[in-house]
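The following features are taken from TrEMBL:
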- 42-293: domain 'G-protein coupled receptors family 1 profile' (DOMAIN)
- 24-50: transmembrane segment (TRANSMEM)
- 62-88: transmembrane segment (TRANSMEM)
- 100-121: transmembrane segment (TRANSMEM)
- 142-164: transmembrane segment (TRANSMEM)
- 197-222: transmembrane segment (TRANSMEM)
- 243-264: transmembrane segment (TRANSMEM)
- 276-295: transmembrane segment (TRANSMEM)
């Protein structure tokens with residue numbers, strides 16, 4: 001402990017695995033390892049295929065590459081601490097290391113939300129303005145979107161580590177998860193955390209909240225355009241191009257909203273529920289997104305099969 005008058009700051013935090021199931025961590029590690037393996041392999045394959053296949057050098061697949069990079073980052077951020085606990089019971093994480101992990105987890109989460117919004121805009125332009133699609137979403141525009149997503153995420157979340165570092169902490173240093181999360185860390189403080197709560201809520205509503213609203217608006221316009229098409233087959237064909245993106249939106253936003261609500265209002269919710277929602281939010285989307293896009297996109301599937309044939 002570092003002591004300076006009445007100011008206390010722990011040198012390290014202790015992370016939790018799955019509460020009540022510590023004796024089974026070695027067995028529980030098997031499905032977690034498989035999910036991480038699928039996330040790393042699947043997103044790596046998506047990036048490799050898009051890079052090597054000239055026909056996939058289009059706006060939709062550039063945005064899919066951004067989603068794959070974000071998912072890879074999320075998996076790599078939480079993998080060392082999660083598997084360290086399950087395999088070796090390594091629960092200790094340094095204070096500054098914890099703040100760094102928290103910052104990158106939140107940056108990548110916000111980036112994923114922004115990429116999903118950009119993909120919704122891509123689907124809207126493709127459905128509503130197909131003739132202007134190449135002009136509106138030119139390569140230079142995609143690069144600008146990518147830079148805007150990175151800057152937005154980094155700058156809006158930059159104050160978080162400093163807001164946590166200024167707080168005085170109690171002797172309780174046990175986190176609720178196997179990774180560092182802003183609401184989880186601030187709840188260990190003995191000081192007034194109103195600034196942290198207010199800033200966290202403002203950032204959540206002005207970024208992820210607004211992204212979700214604009215995604216919903218995009219799909220209202222897409223459905224309106226699809227209904228106006230001449231035949232039922234054309235309408236279904238148009239909507240079918242959005243199925244992968246809708247699945248990606250649902251598996252990301254539902255657990256994220258649930259986890260945010262639990263941390264802010266779910267004081268009486270069992271710790272196991274909190275833990276499972278957190279793992280669903282950070283591990284399931286990176287593992288499922290490449291599977292969803294590989295199944296639904298014939299171009300990705302075809303390129304993958306060609307690559308496998310070439311290797312064999």
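Cβ coordinates are placed from backbone N, Cα and C, and glycine is handled just like the others.
A TrEMBL annotation is a machine prediction, not a hand-curated record.
The stretches the transmembrane segment (62-88) and the transmembrane segment (276-295) are in mutual contact, each linked to the other by at least three Cβ pairs under 8 Å (pairs 6 or more apart in sequence). Summed and averaged per residue, pLDDT over the domain 'G-protein coupled receptors family 1 profile' (42-293) gives 91.
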